[in-house]
Amino acid sequence: MLWARGRQPDHRIRMSQQTTIRKLAELVNTPVDKLLVQLAEAGMKFSGPDQVVTSTEKMKLLGFLRRTHGKADTPAEAASEAAKKITLNRRKLQEVTVNAGRTKTTVNVEVRQKRTYVKSDNEGSGRAAPMTPDEERADILAKLAASRQRNLDEQQRLAESDRARDEAIQRKRDEEQAAKDRVEAERKAAEEAAAAASAPAPVAAAPAPSSAPAARAPSSPSSAPRPARPAGASPASRPATPARPDDRNNAAKHKTRGSHVMVAGVEDDDATKRFAGQLHLSAADRARRSNVRGKPTGRPGSSSSRRNDGGRGSNQSNSGPHGFERPTAPVVREVAIGETITVADLAQKLALKGGDVVKALFKMGVMATITQSIDHDTAALVTEELGHKAVRADNADFEDALLAHAEDAQGETTSRPPVVTIMGHVDHGKTSLLDYIRRTKIASGEAGGITQHIGAYHVETGRGVISFLDTPGHAAFTSMRARGAKITDIVVLVVAADDGVMPQTKEAVAHAKAAGVPLIVAVNKIDKAGADPLRVKNELLAENVVAEDFGGDTQFIEVSAKVGTGVDTLLDAISLQAEVLELKAVADGRASGTVIESSLDKGRGPVATVLVQQGALKRGDYLVCGIQYGRVRALFDETGHQPASAGPSIPVQVLGLSGVPEAGDDFVVVDDERLAKDVAQQRETKRRESRLVASATNRMEDILAQMGKGEGQQVLNLVIKADVQGSVEALKQSLVALSNDDIRINVIHSGVGGITESDANSAAASKATIIGFNVRADASARKIVESNGIDLRYFSIIYDVIDQVKQVASGLLGVEIREEIIGIAQVRDVFRSSKFGAVAGCMIIEGVVKRSKPIRVLRDSVVVFEGELESLRRFKENVDEVRNGTECGIGVKAYNDVKAGDQIECFERIEVARTL
């Protein structure tokens, strides 16, 4: 550009003399080549820098450059540029209500809007010849006039629209006010008619106590008696008699002194109301102020809610019927109570003070503060105790609607694979049987050769797909077996032919019967020597499990998990039972099911093993699982593959939840993450409230228990971390069950995953022992454990955990002092000694009597003295002990009342270690 090097584009060029191109370039400080290019772009061709540039050519070049930079070359062009821009300004007044403390304040706000419209210059680009300046100016003026006319029309249209809207609003308000006035007039007419019908004869006014009030009485129209209005008279037919300020003052004075008696009748309030409004306000402002002033601030029947329309400070009386009547009977309220409620909320619903409810709870034996939550039963009892009625609150919220919608899954029902749970006693071959069916080696990889969590698999056989759940057989995993029986279709009870029915076998039968699930008995280890299938059938008869060949309906299949004998027959029995059950489910739509197991993987986060029962679970679905929620990031089957979806009766692992869910929780797929989060938070709130109520109850029971037992009970604190949720649950139940009157096992924290720094700090603060079941501590946790001397123990078999905790608890119990009788001597005669006093001549009839051991003197089998054996002699010789059948002399220290026929019992105190 010509003016690019720091110069303004409007520098003037001297045009009084002819100038060459080179000189012009020096003058404007621009290279010659660039100036030649700009001259060529302006339509002027020069052959060299020494040619002369005329003033006309300079002006032409200047105009070209100004147009290039967006500036008008001439005043006409400037006017044309200005004509292309139109600016509209608009002002609008409105009112905004803001909160100022307890009151609301109205603020006037002015909104200013400014818009600029620029007309494009595309229309003139296609014309062949440019217009003359006059024609261009006339055209621009015409367009400007048309634009102004359009703007005026638009403004007029907007003004008319605003006016019509305001008129409609005002008309609606007038109609509402007229309706209110009409209803008020009818109500007052009815009240006046009722008052006139029930009023006694008019009472004459009492004589004035002084002459001054008597002189003013005739001039005051309000003090003169007024005739009663007919019953059918309307308030609108009365004459308008505005009340003067002195009338109101006189009325106030008479009311204060009590010197006049009110005359039967109704005060004429309409005349005062007619002049109560402020005439200088608009209808909208008057309505707004009347709403603010007339808003009731107290209870119904209070003075603030009965304020009339006479304005501030009005002293007009109202002799109509009173708005509040004192109840003649106690008010019985119907109180809706949920699962939990705080004492303060209950007191508010009962319209009582919180202290009254707390007193009632104390009388019932419940100690609670005003902020403490109580359960529904306690709240219902105290409500009935206070004379009110308690009803259960309707908890029909969006969660119930969601679950109901999930149960009514859309789509056609199709046949689904059966879910088979394998149950039985420990080491009876459950996992080995499943290994043979799946052609895998799971049992060899289990710690200790026993299953310690639920395994979920689906197997494709020649008879169709079958889903298997392998449950632990150890006594500690009762809840796991109950959970497996709850979600299953068929229970396969594995019983070892050489071992027979064991305790967990009986428990599995009880779980199957409680769940109403058909039972198939697999008599395993049939290939071993000493196998007796008939014994198994006879023992199960005691549990009401009758075989088909005994006339019952339970199938007994003899199998061998080692060599595979009878496995095909077992699969045929499962398929036959599934056909009889006619298992069906919805294959499409929202998925729902149950969590079988859950764990925390360091690399993948929370992992939940779920069994789909309805619908199809796909990657990307939003699901709610107990108090956890999330989006399904990945699905894995038992082989580690990632299926696209999982249908009914298929177990899969789900990744993407917000936390580790509880085993046994139900899951359901929802539409979006927000709904899932709301449902999970509501469940968490309910669970927290229930936990607070339970903890408060347990805390009170602990206080009472400590008061009764004193401080003799020892407490062993534990922190339990395991690999899966089911193991945590089993460990807690088994270890807490070890508590007795002397020691209490207290699990202060438990969870899934590795031992973290937080777990170590909790153990250090409570002096607890950390138990890691198939998990390890990280570096930071190990550092805290070493610095604080925390007892950290790792386990992989649940037997070892229980045994070790028993040993630790036994160490806390200390030792027990026991007394063991070692010998009994019969007193035959008593001798006197100057040194020892009375000496008993005795015969040892049982055991051995030793010197310096404690003794008891028994007379007629009653202890009369307890002391120490001071002297033991035989043939005048001191001996250390005398055995059975030998005579001896015994000197009892500090006791001289020994008689013939007494028995001397010798015993010793020994320390015995206490165990659980």
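Placed from the backbone N, Cα and C atoms, the Cβ positions cover glycine too.
Checking Swiss-Prot for region 'G2' across the ranges 104-108, 269-273, 449-453, 874-878 points to 449-453. Here Swiss-Prot gives region 'G3' for one range in the set 410-413, 470-473, 618-621: that range is 470-473. Record note: among 8-15, 88-95, 424-431, 424-431 is the stretch given as region 'G1' by Swiss-Prot. Of the given residue ranges 4-7, 72-75, 524-527, 852-855, Swiss-Prot assigns the label region 'G4' to 524-527. Mapped onto three states, the DSSP output places Thr471 (GTP binding site) in coil. Residue counts for the compositional bias 'Basic and acidic residues' (151-191) under DSSP (helix as H, G, I; strand as E, B; rest coil) come to 41 helix, 0 strand, 0 coil.
All protein chains considered, the CB of Asp427 (GTP binding site) has 16 other CB atoms within 10 Å.
The DSSP breakdown of the region 'G4' (524-527) into helical (H, G, I), extended (E, B) and coil residues amounts to 0 helix, 1 strand, 3 coil.
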